[in-house]
Amino acid sequence: MGKIKIGINGFGRIGRLVARVALQSEDVELVAVNDPFITTDYMTYMFKYDTVHGQWKHSDIALKDSKTLLFGEKPVTVFGIRNPEEIPWGEAGAEYVVESTGVFTDKDKAAAHLKGGAKKVVISAPSKDAPMFVVGVNEDKYTSDVNIVSNASCTTNCLAPLAKVIHDNFGIIEGLMTTVHAITATQKTVDGPSAKDWRGGRAASFNIIPSSTGAAKAVGKVLPELNGKLTGMSFRVPTVDVSVVDLTVRIEKGASYEEIKKAIKAASEGPLKGIMGYVEEDLVSTDFTGDSRSSIFDAKAGIALNDHFIKLVSWYDNEWGYSNRVVDLIRHMFKTQ
């Protein structure tokens, strides 16, 4: 089997980190990047220096010309095209396109990439109509005739594996999720206008900001047996990366907190290895920066009121973990061909 050739549309936080994951993978080849809003030389700077994940040190990065980046000896074609259907992915050899602009998140808009020669599109955000897949949870439902998929959200990727383990072992009656979530690019540095979400317009680094999230309801899309049983909300907090899910659920089959811990530990060492983590150390958020797993269960942080009512805590690097799953989903699609 040859390498999996990918292109990235939108060189923002997720786009750049997916590029980092791809460039460190033996089986994946980054062949093209499209972003109409930044020049190629600025692209090299933004890729090389990262406040959260540190400087890129795996290969030299240089400008070959205005349309080509060099990662070591590896050339990557650069486009600056606004309209997705005009991006010549086929010419660049990109078969799988990561749609990470945050703009083209529905099937019709994402399908524009197919016109330029892409074979499959992975949307790095939730989608209202593209099928959503969470690696470790429902990627086995993917069939090769599906050309446009969503990798759901970073929070759904954290919550769904945890919810799956609990539901498979103990049965979830109902639950509420809160994610304590790091700042993201859409927030404001100082108080500013945000017509749809007034609180969201307040200064990100000075406030704890309650916000809505569809992440818990989306679990019902990837695990239909939990449809209508979970909902949740978010607090945006003044940290720059790493978030944490608090899942409070009622369970059918009574179990002690120790038994619940055992079930999660077994999953983290077995079927969900590399997706679900398990820690018993006294860790804090920065300890999870750069963790490639989707969901790291904090055994010491959770509590049980009784054998049927429990609160579970699970960490995630909402940037790096998620970007790794985007590439994992592409790998799975490639194998399914």
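Just so you know, glycine gets a Cβ as well, placed from its N, Cα and C.
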Out of ARG82, ARG331, which does Swiss-Prot tie to the same NAD(+) site as ARG13, ILE14, ASP35, ASN318?
ARG82
Record-annotated D-glyceraldehyde 3-phosphate site (Swiss-Prot): member among ARG199, ARG202, ARG236 besides SER153, CYS154, THR155, THR184, THR213, GLY214:
ARG236
Please state whether DSSP places ASP35 (NAD(+) binding site) in a helix, a strand or coil.
coil
For ASP35 (NAD(+) binding site), the number of other Cβ atoms found within 10 Å of its own Cβ:
24
Mind giving me a neighbour count for ARG13 (NAD(+) binding site)? Other Cβ atoms within 10 Å of its Cβ, every protein chain shown.
21
Considering only the recorded positions ARG13, ARG82, CYS154, HIS181, which residue has the minimal Cα-Cα separation from GLY214 (D-glyceraldehyde 3-phosphate binding site)?
CYS154
Which residues, in sequence order, are found in the same chain with Cβ within 8 Å of the centroid defined by the Cβ atoms of SER153, CYS154, THR155, THR184, THR213, GLY214, ARG236 at the D-glyceraldehyde 3-phosphate site, excluding those residues themselves?
THR179, HIS181, ALA215, SER234, SER243, ASN318
